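For reference, the structure discussed in these notes is given below.
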Amino acid sequence: MRKVYLDHAATTPVRQEVLDAMMHVFKEVYGNPSSIHQFGRPARKLMEEAREKVAKAINADPKEIVFTGSGTEADNIAIVGGARANKKKGNHLITTVVEHHAVLDAFKALEKEGFEVTYLPVDAEGRISVEDFKNALRDDTVLVSIMHGNNEVGTIMPIEEIGATCRERKILFHTDAVQTVGKIPVDVKAINCDFLALSGHKIYGPKGIGVLYMRRGVRTQPLYFGGGQERKLRPGTENVANIVGLSVAIELAVAEMAEESARLSVLRDKLIDGILNNIEETRLNGPREGRLPHNVNVSIEYIEGEALLLSCDMKGFAASSGSACTSGSLDPSHVLMAMGLTHTTAHGSLRLSLGKSTSEEDIDYVIEQLKPIADRLRAMSPVWEKFQKGLPIT
Ligand SMILES: *Cc1c(COP(=O)(O)O)cnc(C)c1O
């Protein structure tokens, strides 16, 4: 049976070039980068070269790059640290209802500390309105966090406009760019952000490594204490192998971006059209235009997402319903609900995220397999039966 991995938004396999670079560190460069002897110095050198590569990939200065333990941690240092460090200036924060939990839960924690948070709504395609954002701004607004590209439905947010407004009003602006790095251009100067988070394992690098971009002169606070590493913002002995791995991954991702994103966009559209045309009562979640090149999210109405995923898995293709973090719970995705989907429609959603290994044959295979899966599950679905009889569905 064909094995098709279509969950690249959840994680990606480590590419060979990254593995080779990391293997070299594990085998040959095991010194502590803080040690000044002949074993420590090469580790320090590799780490600083990695910092330069990452900086170059997002148009930053190497001094503005902080290595963290994950994308989640980078989001937290920016948001929680940034809000706490600037508390004297004001108490109001702004984000959106469709953020990743790494961002949403950080704001929830800040609310418990007494901060006031405005959660911007989104339209039916998952996009915030710049006007809503401007109306939410207050004199005591100190920090804004709006994701670059959504991990569930692929919507790209208008962050350049948000960034420009924040810069003008001297409000800190953070963006979670975990899903966009290597897919669409990410330039910290064009975005006008003060903080930006990215992650290694979404770009064919290792898991457990992230980057916080922090604009020169901007203040935040560490969440851990214990050493001087990463300018005291992320103390703990540096994970040199992961840092080197991430730097190779981001360098290659950016170099290959134009060609690979164009290829993925064609496959993405073929998959969307194939599903919508072949299976009745399906809908696309997220926009047609302004969508991440690797993201497909559809609702196959009157089917349970969990059953759908299991059937896909039995046919050899791996997908996800909602996001990997939320499947496991029975609540429908907060992103789809915020876009105005009903419970039943949100429950029948399927995210298929494409990547380097995805071929046109894979896409044909999935389109061909999904129709009989949908037919079989609907034949067992009481809601489908109601729909067919024209009865009301709750
Ligand atoms: C995966 C992801 C994260 C979390 O990154 P980790 O490195 O897994 O902690 C944060 N935000 C978005 C949008 C993501 O897709």
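Note that Cβ sites are derived from N, Cα and C of the backbone, with glycine treated the same way.
Automatic, uncurated: that is what TrEMBL annotation is.
Lifted from TrEMBL, the feature list:
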type	residues	note
DOMAIN	4-366	domain 'Aminotransferase class V'
MOD_RES	LYS202	N6-(pyridoxal phosphate)lysine
ACT_SITE	CYS325	active site, cysteine persulfide intermediate
BINDING	CYS325	[2Fe-2S] cluster binding site
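Each residue in the domain 'Aminotransferase class V' (4-366) has a pLDDT score, and their mean in this model is 96.
For the residue listed as 'N6-(pyridoxal phosphate)lysine', the Cβ neighbour count at a 10 Å cut-off comes to 27, with all displayed protein chains included.
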